[in-house]
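Visitor: TrEMBL lists 3-108 with the feature domain 'DUF4064'. The transmembrane segment feature in TrEMBL is assigned to 7-30, 65-87, 99-125.
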Amino acid sequence: MRRTAEVVLTFIGAFVYLIGAFLGGMFTMFEDLLNQQEFVDQVEQTDPSLNPKDIEMVLESASSFGVYILVISIAAIVLGIVSMFLFKGNNKPKAAGIILIVVGGLSTLLTIGFGIFAGIFYIIAGIMGVARKPKQEVSLEQY
């Protein structure tokens, strides 16, 4: 049985996770803004009531969250590629489906909903991988 739909959905999900990894990488660069005095001065001019420690805390939190998103996205991409290889040639579609369901659900929960779009693609492909049965060949000898 051909598993083209599962492979395509997994590929789309992996691509969306790649976008998430890119955004996570961008978030990690926020900590570098602390080293630029011009940025800190501009933020202080915008809102003089902000404490420099508050600015530092927000940027460090954003950077940490970016690393967190980056790691989860890369893990999801790798497991998605593994699942695509399991779907190819109809080797182990049930194992691939279970992997995709678990990864799609966990990544959505762990990223506090940021990975929901990619997770939906993974979950749909996983359900299709688990639920689809090969067509039974009907021959005249059975009748």
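Cβ atoms here come from the backbone N, Cα and C positions, even for glycine.
Source: prediction; values computed, not measured.
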Visitor: Please report, as numbers and ranges, the same-chain residues at least 6 past the borders of the transmembrane segment (7-30) whose CB is under 8 Å from any CB of it.
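Guide: Hits for the transmembrane segment (7-30): 59, 62-63, 65-71, 73-74, 76-77, 80-81, 83-84, 87-88, 100, 104, 107, 111, 114-115, 117-122, 124-125, 128.
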Visitor: Per DSSP, what is the helix/strand/coil residue tally across the domain 'DUF4064' (3-108)?
Guide: 97 helix, 0 strand, 9 coil
